[in-house]
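Swiss-Prot has this to say about the protein:
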type	residues	note
TRANSMEM	8-28	transmembrane segment
TRANSMEM	34-54	transmembrane segment
TRANSMEM	123-143	transmembrane segment
TRANSMEM	188-208	transmembrane segment
TRANSMEM	209-229	transmembrane segment
TRANSMEM	284-304	transmembrane segment
TRANSMEM	322-342	transmembrane segment
TRANSMEM	382-402	transmembrane segment
TRANSMEM	412-432	transmembrane segment
TRANSMEM	468-488	transmembrane segment
TRANSMEM	505-525	transmembrane segment
TRANSMEM	613-633	transmembrane segment
Amino acid sequence: MTTSLGTHYTWLLVALPLAGAAILLFGGRRTDAWGHLLGCAAALAAFGVGAMLLADMLGRDGLERAIHQQVFTWIPAGGLQVDFGLQIDQLSMCFVLLISGVGSLIHIYSVGYMAEDPDRRRFFGYLNLFLASMLLLVVADNYVLLYVGWEGVGLASYLLIGFWYHKPSAATAAKKAFVMNRVGDAGLAVGMFLTFSTFGTLSYAGVFAGVPAASRAVLTAIGLLMLLGACAKSAQVPLQAWLGDAMEGPTPVSALIHAATMVTAGVYLIVRSGPLYNLAPTAQLAVVIVGAVTLLFGAIIGCAKDDIKRALAASTISQIGYMVLAAGLGPAGYAFAIMHLLTHGFFKAGLFLGSGAVIHAMHEEQDMRRYGGLRAALPVTFATFGLAYLAIIGVPPFAGFFSKDAIIEAALGAGGIRGSLLGGAALLGAGVTAFYMTRVMLMTFFGEKRWTPGAHPHEAPAVMTWPMILLAVGSVFSGGLLAVGGTLRHWLQPVVGSHEEATHALPTWVATTLALGVVAVGIAVAYRMYGTAPIPRVAPVRVSALTAAARADLYGDAFNEEVFMRPGAQLTNAVVAVDDAGVDGSVNALATLVSQTSNRLRQMQTGFARNYALSMLVGAVLVAAALLVVQLW
């Protein structure tokens, strides 16, 4: 371990936003006037520390760049010793810069977006708590500390999604997100228990060193349990249903959850645990299947959503599916998963903040059927949203082209039927993404004006537009900077490993042409449906079965209700009935017997001496009779 300033100051990454959250949440109304400024300062300070640590890492050789800081011994309990240890390596640094950088821009944007909210100070406190938890998650050097950050992110998301708690829909959405994430958290916790019982430690270094000697069955079980946790946190099938409802929170929350923090946590967990998954092919196959299914699942849902935020939420489910698919490919895909995660952070944050500007301009209206023709009224929002749109659909040379194209090529490179299925799913997802995002673009900024009478859309203030502009710049250039020359792949190689260049199932130019071809088809179909014909202000009732299913989130909630909720409720009622009739019934019967016996005995206590004398005489006769019987026997 190389001694450097990073070994002394890494803890500030977590401490600064955590201190900001503590001051804002416990300081009360005294911080109302300047609380938003403190929240932004804490986020920017964390980004500054991250930039300082990056400069420190760049000054050293690749294999010596990891920064370790043991703050204190946290849990010394027999065979279990857990240190409050922090680790910044090449993988962690990618997340630190994304979380703190994009998170800071979202903080600044929120100054304008939440300007009229009386609880703005509390909102910034929750944002700081979210940032601190996510940073702890990615800089922890062991699974226990990661789990603390994991739970902190879950708590902060619950608070932010339900921030407007006076709205029943927001309170319900917060509870739904919290409960569904508890399912994944339980899976991750059991996976950690199994990890400790197998390796005797929960530190990354100790676990990964022991992986080669472990049973493949145990590694598979651990991998599947960790995948369950990742599915909940990153909204992957079958635990994706909470993400659409999470749009009930303020729009900056959507940007923070979808772009820079929460939904990327599952991808981080899988890539960080790469040495384990590399030796558990069954678990790795499950990761690939989940990613492929989810990227199509989310894309189909996005095609039928009229609420602009819910359409973008569906796109997040799909785009995270691409990342999970890439992570499931092992060393061949880890770097591409992280590349898409980073580029997605820019263009998805830009899309959500742009949608927030549109909603702000349209007086909280979120139905795209009530938009139309907004490009003239919102020129900056239109330009920044448009650049992010080109990035997400994968038009060269925008960011998404490089990262998504790399995943498609890696999927096709898996070879055989597996490669054909995975590559086909990735290509189909790219075409559907182009369709629904073009639909969003056309319904919002083009066509006739479908505004309600009296609406006067206006551009957002500078404090909101400048973060959008910076994110648009990232949407344009980040992909090329990370991909050209294998920059990100070489940067991550000491952590995620490398693989020999496999024989491509298709030449690179063919894979790229196919990807651009399906994107062009998606754009053309969307233009034909939404660019050349009037769009009704009310969604048609008579639609195809697929559209109806997509509007209902492919019946994800109905599936959970029928498969889990109702059987669970019936089981609970049965257990309660057994408890009432059996356990409680036995206790109550015994109490009744004792009560009745005592009542009868009490009636025998008359208070008259002759009754007591008679009782004594009867007792003596019975004793004498018993003795006589014994003697005769």
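Just so you know, glycine gets a Cβ as well, placed from its N, Cα and C.
Taking every listed stretch (382-402, 412-432, 505-525) in turn, the largest tally of C-beta pairs under 8 A with the transmembrane segment (468-488) is reached by 382-402. The stretches the transmembrane segment (382-402) and the transmembrane segment (123-143) are not in mutual contact, being linked by fewer than three Cβ pairs under 8 Å (pairs 6 or more apart in sequence). Note on the transmembrane segment (34-54): residues 5-6, 9-10, 12-13, 16-17, 19-21, 23-24, 27, 67, 88, 93, 96-97, 100-101, 103-104, 107-108, 110-111, 114, 120-121, 124-125, 127-128, 131, 135 of its chain, located 6 or more positions outside it, place their CB under 8 angstroms from a CB of the stretch. Packing against the transmembrane segment (209-229) from elsewhere in the chain are residues 150, 183-185, 187-188, 190-191, 194-195, 198-201, 239, 266, 269-270, 273, 275-277, 279-280, 282-284, 286-287, 290: each is 6 or more residues past its ends and has a CB under 8 Å from a CB in it. By number of Cβ pairs under 8 Å, the transmembrane segment (188-208) is matched best by 123-143 from the list 123-143, 412-432, 505-525.
Through the fold, the transmembrane segment (505-525) approaches residues 393-396, 404-405, 408-409, 412-415, 419-420, 423, 427-428, 430-435, 438 of its own chain, all at least 6 residues removed from its boundaries and within a Cβ separation under 8 Å.
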